[in-house]
Amino acid sequence: MTIMRKSHPVMKIVNHAFIDLPTPPNISGWWNFGSLLGLCLILQILTGLFLAMHYTSDTLTAFSSVTHICRDVNYGWLIRYMHANGASLFFICLYIHIGRGIYYGSYLYKETWNIGILLLFLTMATAFVGYVLPWGQMSFWGATVITNLLSAIPYIGQDLVEWIWGGFSVDKATLTRFFAFHFILPFIITALAMVHLLFLHETGSNNPLGIPSDCGKVPFHPYYTTKDFLGAVLLLTLFMTLVLFFPDKLGDPDNYSPANPLNTPPHIKPEWYFLFAYAILRSIPNKLGGVCALVFSILVLALLPYLHTSKQRSLSFRPLSQTLFWALVSDLIILTWIGGQPVEPPYIIIGQVASILYFSIILIFMPIAGLIENKMLKW
């Protein structure tokens, strides 16, 4: 008699994906972040569902409904802060996951990588529309500034902005549709994540050495289920520490004031996880140029498979490329800091230099470093 998990139509899919999946024996803790992203997504969908039961997407009552959730709903404050900080946790895992993909050359699985980039875009869109929902000052002005960027598109820009707004300014229609988008997008992300996994399991996982590991693969369960469980426990411990002790650490105090179209906050800025892209946007004086740079700052990831010049896949044995990788990480941290600063000297020039460096490292220095390393190894 066949084991049920190997014969049942549904169980068979789960079995091939999470139990009998052949996995490289040497993948490190950096490979944990894929499963942690799945955990974050489930957490966000569940907390979001409970928040949606009490939230009203109307300009007059949105802010009060969030206050009502925190004050009157049983554990509403916990659900609200878990959802708000869960977004930050999601992006921390996402950026580490992408960083690991760049470091170990996982981008050479083109289909998996491209779906990953699409997932990143959708996650950013979801986080942006979600930030508008509490209808605080930063919600309103963030929505106004970011949607206004579309007006830089020639010919159709202004019409496109008004179409998204559902009027001539950010108002009730905008809030209602943003709530609809924020509700549906996580389910689209879940479906795409499954496709992401499907393509990954076609090729099998990469490993730190960047070499084929078919001869020594081990089953996913119990080795990596245990490892993922440990990662999840550590992550949830850090997460709950943040939620219960420092719930407002990553938020903006301005969002505790109800939206007021007549009063502009002194510094309009997005959440911390968008600051690097916001800094790149601001570093170009031209509006259309800034928008193009903003989009390309993420889209540049799609070029990585075509810019790979090294004969080795991973950066594990390539000190020159490793130095450039960590320079890129440092550059992104600097851009994140600059994005939160006012537009005045010396921040303007630092932002411009950091933006140029960001694109230069990816498009110029890393491909050249790969060629130099090939020469040094006489390949």
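Including glycine, each Cβ sits where the backbone N, Cα and C put it.
Features as listed in Swiss-Prot:
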TRANSMEM  33-53  transmembrane segment
TRANSMEM  77-98  transmembrane segment
BINDING   H83, H182  heme b b562 binding site
BINDING   H97, H196  heme b b566 binding site
TRANSMEM  113-133  transmembrane segment
TRANSMEM  178-198  transmembrane segment
BINDING   H201  ubiquinone binding site
TRANSMEM  226-246  transmembrane segment
TRANSMEM  288-308  transmembrane segment
TRANSMEM  320-340  transmembrane segment
TRANSMEM  347-367  transmembrane segment
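Features recorded in Swiss-Prot, as mapped to the structure shown.
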residue : record                   : contacts (Cβ under 8 Å, 6+ apart)
H83     : heme b b562 binding site : Q44, T47, G48, L51
H97     : heme b b566 binding site : F33, G34, L37
H182    : heme b b562 binding site : G48, T126, V129, G130, L133
H196    : heme b b566 binding site : T112, I115, G116, L119
H201    : ubiquinone binding site  : H16, A17, L21
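DSSP classifies H97 (heme b b566 binding site) as helix under the three-state reduction. Long-range contacts of the transmembrane segment (347-367) within its own chain (CB-CB distance under 8 A, at least 6 residues past either end) are made by residues 279-280, 282-284, 293, 296-297, 300, 303-304, 307-309, 321, 324-325, 327-328, 331-332, 334-335, 338-339, 341. By the count of Cβ pairs under 8 Å, the stretch nearest in packing to the transmembrane segment (33-53) among 113-133, 178-198, 288-308, 320-340 is 178-198.
Sequence-distant residue pairs (6 or more apart) of the transmembrane segment (113-133) and the transmembrane segment (320-340) include fewer than 3 whose Cβ atoms are under 8 Å, leaving the two stretches without contact. In three-state terms derived from DSSP, the residue listed as 'ubiquinone binding site' belongs to a helical segment. Away from its own ends, the transmembrane segment (288-308) comes close to residues 98, 102, 105, 107-108, 110, 113-114, 117, 120-121, 124, 149-150, 152-154, 276-278, 280-282, 355, 358-359, 362-363, 366-367, 370 of its chain (Cβ-Cβ under 8 Å, at least six residues beyond either end). Same-chain residues lying 6 or more positions outside the transmembrane segment (226-246) and placing a CB less than 8 Å from one of its CB atoms are 29, 32-33, 35-36, 39, 78, 81-82, 85-86, 88-89, 93. The list of residues near the transmembrane segment (320-340) in space but at least 6 beyond its ends in sequence, with Cβ under 8 angstroms from a Cβ of it, reads 99, 102-103, 269-270, 272, 274-280, 282, 310, 347, 350-351, 354-355, 357-358, 361-362, 365-366, 369-370, 372-373.
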